[in-house]
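Under the heading region 'Disordered', TrEMBL lists 46-209. Marked as compositional bias 'Low complexity' by TrEMBL: 52-61, 100-111. The feature compositional bias 'Basic and acidic residues' is assigned by TrEMBL to 62-95, 112-126, 134-188. The domain 'Tr-type G' annotation in TrEMBL covers 292-461. According to TrEMBL, the feature region 'G-domain' maps to 295-443. The GTP binding site annotation in TrEMBL covers 301-308, 347-351, 401-404. Under the heading coiled coil, TrEMBL lists 783-815.
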């Protein structure tokens with residue numbers, strides 16, 4: 001039999017835990033407390049001990065049982081004395097019986113007198129009864145004088161019962177019944193036991209408790225107690241002893257529940273999770289039903305390197321002429337024909353095909369074309385595009401554009417790309433590099449042939465004969481048409497009238513328009529179309545699926561509810577809770593985006609961070625690095641890669657801060673490189689304890705510098721937020737921090753003020769700083785103390801105590 005605890009063994013024998021513990025210790029068993037484990041040997045020792053002590057009690061038990069039998073048999077010993085009166089009473093009415101019953105209360109002498117009177121004829125019966133009543137009353141008075149307190153003591157009644165007498169008062173009979181005394185029923189003929197002191201207690205029933213239970217991921221304390229057949233109070237007490245404060249209605253996770261159950265000797269098994277109401281069931285396609293589909297190609301590159309012009313040349317249209325300033329304003333999806341085969345191109349601003357969509361779990365790009373200008377070389381956004389494509393594991397084809405321009409040097413471009421891991425095929429690598437000229441239509445066919453070649457190697461296939469699945473590329477709200485969403489169908493065929501769900505929106509497809517503005521009735525795999533009929537604007541990257549109307553609506557509503565819940569408890573990786581997430585196994589890689597003021601600082605910081613890869617629990621990875629301020633693209637990349645941003649001597653701009661707050665991305669700013677390294681090291685080892693958080697209060701632009709004899713005043717305009725006279729400030733010039741200090745004076749129209757709001761002008765003087773320049777940005781901030789989360793602290797303490805308890809139990813089992 002498996003080992004159990006001492007207190008459980010005590011319950012099994014119906015003894016106190018302390019008594020059982022003393023018996024086992026006297027028997028030289030190694031038990032220390034009521035939680036010590038015991039086995040069959042201890043159980044047998046207890047059985048022998050209690051069997052020996054129970055033997056004398058077993059011998060004395062029959063003597064106690066004979067006493068009620070004597071009481072039961074005593075009235076039956078004198079049937080002759082009662083037979084005459086009993087036979088006579090059979091012919092009397094019920095009232096007469098009651099009189100005789102009350103008169104027969106004073107022993108055998110009275111009964112004999114009654115018997116003599118009962119032998120008279122029926123005519124004299126009533127007189128005889130009256131005379132008998134008088135004699136009985138006199139006998140009652142004599143017996144009362146001879147025996148004091150007879151009416152107040154149950155002992156006298158018991159003696160009368162043993163002599164065969166009957167209690168003459170109804171209330172006294174009721175008291176005898178309550179005390180366990182039962183009179184013999186003269187009419188019934190059956191005697192009953194008179195058990196003084198009450199009946200023997202019934203033996204305690206053993207509660208059948210399970211040894212193995214199945215639990216879900218989360219369970220309420222009262223439900224756990226019910227499954228184990230224990231009271232909720234016992235489980236709450238056990239949790240309290242383990243350091244977990246929980247009420248009976250509070251839910252606990254499976255690990256905590258299993259630990260508590262083990263204390264009661266119950267093993268637990270986790271149930272498989274319930275079906276997610278927000279998930280769309282996946283349909284596996286038969287390999288025989290798969291057919292080749294067109295590749296989806298994303299064109300990426302630096303600003304003005306010719307992305308849209310290249311796409312324009314490929315499509316033989318003039319897309320860029322219709323866009324403001326020749327810059328792509330939205331994601332466009334276009335389908336082109338090349339040698340009888342189709343290719344789908346995505347023209348993406350800000351690399352959203354990789355950031356926003358990959359952050360939502362969508363993988364839509366099959367091939368990435370990286371456009372690099374031959375006269376300009378590799379630029380910051382070029383490196384950014386390379387990092388995005390590598391993070392998504394997408395093959396890259398490099399298009400070296402503008403080879404027709406004077407000063408073009410494709411070989412220099414290839415050398416620079418090799419520094420970032422793109423080695424051309426002619427140098428023994430696997431990256432295809434094609435020299436092209438978008439304006440002169442040079443090398444376009446070679447580029448498309450290479451795209452088809454890579455697509456053929458990738459073996460891109462889909463099943464057109466099924467319900468459609470796709471990805472939202474772009475969505476907007478049109479005044480005339482309502483919600484318009486651009487969808488790239490990935491699998492199946494989308495038709496007009498299909499009920500769809502995408503993200504938190506749903507609807508029925510009312511119309512479809514292809515990339516050239518033609519109305520279509522259906523769209524197959526890798527076909528981009530605009531659809532109408534959704535109830536709201538979906539987000540880029542949401543998965544579109546065709547379902548039944550009721551199912552689509554229920555899934556969308558469930559997702560809205562989950563999104564609301566996740567907003568409350570969403571948690572991105574940050575240095576503050578990095579060690580906790582490492583212990584929980586939530587993260588294995590610490591992805592970092594590094595931005596600094598100069599390239600030398602970037603290289604030094606990246607090299608130092610990569611040297612921290614000394615443990616197996618977490619690996620530091622720099623997903624992107626660059627020079628300049630933290631911008632919106634950096635934040636989106638960090639969000640998609642679950643990374644933190646380390647900014648060295650640079651600041652995030654207004655848009656970057658706004659997006660970082662929305663996406664919950666951790667941005668850390670430093671002025672000393674060792675502070676950044678120490679914070680990352682401390683976070684990885686669990687020693688980082690941040691006490692303050694920086695909160696930006698406002699941004700002020702210096703528009704005029706005024707010199708006075710005593711001070712230098714910056715005539716400023718508040719761009720956003722507020723600036724206070726006690727704010728800490730930093731001066732930013734060309735997105736680089738040049739000074740950090742405090743305000744000396746804040747004035748409006750020569751008057752000292754406490755604060756100035758956005759849209760107003762003011763004069764600012766700063767302590768120990770006079771190097772103002774027009775166009776500088778003054779950023780006001782304050783350091784707020786972070787309140788310690790007592791729940792997290794309690795949870796960590798509870799886990800520590802649980803670990804210690806488990807270690808002690810393991811040690812006891814070994815002993």
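Backbone N, Cα and C atoms are what each Cβ position is placed from, and that goes for glycine too.
Annotated features taken from TrEMBL, shown on the structure.
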residue: 301; record: GTP binding site; Cβ neighbours (10 Å): 24
residue: 304; record: GTP binding site; Cβ neighbours (10 Å): 14
residue: 307; record: GTP binding site; Cβ neighbours (10 Å): 27
residue: 403; record: GTP binding site; Cβ neighbours (10 Å): 18
Taking all residues of the region 'G-domain' (295-443) together, what is their mean pLDDT?
77
Helix, strand or coil: which one is residue 301 (GTP binding site) in, per DSSP?
strand
Could you find out if DSSP has residue 307 (GTP binding site) as helix, strand or coil?
helix
